[in-house]
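My questions will all concern the structure given below.
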Amino acid sequence: MATTTAAAASGIFGIRIQDPRPGTGRVQARFGFSFGKKKPAPPPKKSRQVQDDGDRLVWFPGANPPEWLDGSMIGDRGFDPFGLGKPAEYLQYDFDGLDQNLAKNVAGDIIGIIQESSEIKPTPFQPYTEVFGIQRFRECELIHGRWAMLGTLGAIAVEALTGIAWQDAGKVELVEGSSYLGQPLPFSLTTLIWIEVLVVGYIEFQRNSELDPEKRIYPGGYFDPLGLAADPEKLDTLKLAEIKHSRLAMVAFLIFALQAAFTGKGPVSFLATFNN
């Protein structure tokens, strides 16, 4: 009876039923409601070979990388001191007793632990199996790193050309009005902020509509005008170089922020003071 009912429900609610203990008659159900038409999942990417020899580069000499950082990701140096990238584990329960002929129905026991597969399975609502999984963290690392590279270069260039530290640039805009390369702009600072919010927000909405994890972080096309990624043999080298520069830029901008907070100087003026 229970099997027949579960089979009928599977066609309505999209339940996947499997037998966790063959021969015991127990069943397990995982509910997956779907709204609208699902996009087909992208073809699986060819996984990189895991570096399992003793010559693997790690973030600190002699450090032991955690098991979930196996070297398969580009730029993986085994650094995860807080275990943020550890795969989530879920308890697997048996069905509660629902026999109307019994005086008492007992709750289902814990029959095991489920760990999500490392294989990425996009859905219409999210591109990753785990919202806070290691693939999601890699995407965030790259995007923050790209912003940090732009910010670091901008902070140095602006101070070198104008003599105004990056943390004081907003004050100048409030006093003298908005300008670009010395030329006044016909917009107030508030208008410029709204323009930035709308433009960046639109770009982020478009990026988040992409379900292919590879295209989310490496879109190509207009973002590769020189066609540097056209050569598959050089692609991994370029990805490694980008993640290295991203990490360096994030550390550099953190130093810029601490420097501004404690000394009130920008990177160029602080370097000049240090040299003197």
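Positions of Cβ are set from backbone N, Cα and C atoms, glycine also.
OK, Swiss-Prot features for this one:
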- 1-53: region 'Disordered' (REGION)
- 1-29: transit peptide (TRANSIT)
- 36-48: compositional bias 'Basic residues' (COMPBIAS)
- Trp59: chlorophyll b 1 binding site (BINDING)
- Phe79, Glu141, Arg247: chlorophyll a 1 binding site (BINDING)
- His144: chlorophyll a 2 binding site (BINDING)
- 147-167: transmembrane segment (TRANSMEM)
- 185-205: transmembrane segment (TRANSMEM)
- Glu204: chlorophyll b 3 binding site (BINDING)
- 248-268: transmembrane segment (TRANSMEM)
- Gln259: chlorophyll a 5 binding site (BINDING)
Out of Glu141, Arg247, Gln259, which of these binding-site residues is nearest Glu204 (chlorophyll b 3 binding site) by C-alpha distance?
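With Cα distances computed to Glu204 (chlorophyll b 3 binding site), the winner among Glu141, Arg247, Gln259 is Glu141.
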Which sequence-distant residues neighbour the transmembrane segment (147-167)? Criterion: at least 6 residues beyond either end, Cβ under 8 Å.
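Distal contacts: 245-246, 249-250, 252-253, 256, 260, 264-269.
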List the other residues in this chain whose Cβ sits within 8 Å of the Cβ centroid of the chlorophyll a 1 site residues Phe79, Glu141, Arg247, in sequence order.
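Surrounding the site, in chain order, are Gly75, Arg77, Gly145, Ile243, Ser246, Met250.
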DSSP on Arg247 (chlorophyll a 1 binding site), three-state: which is it?
helix
For Glu204 (chlorophyll b 3 binding site), what is the secondary structure by DSSP, using just helix, strand and coil?
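Helix, per DSSP.
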So which binding-site residues are near Arg247 (chlorophyll a 1 binding site), with CA atoms within 10 Å, out of Trp59, His144, Gln259?
His144
Which one is it, among the binding-site residues Trp59, His144, Gln259, that lies nearest to Phe79 (chlorophyll a 1 binding site) by Cα separation?
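Comparing Cα positions, the closest of these binding-site residues turns out to be Trp59.
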What is the Cβ neighbour count of Arg247 (chlorophyll a 1 binding site) at a 10 Å cut-off, with all protein chains included?
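A 10 Å sphere around the Cβ of Arg247 (chlorophyll a 1 binding site) contains 18 other Cβ atoms.
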Report, as a single number, how many Cβ atoms besides its own are within 10 Å of the Cβ of Trp59 (chlorophyll b 1 binding site).
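Around Trp59 (chlorophyll b 1 binding site), other Cβ atoms within 10 Å: 14.
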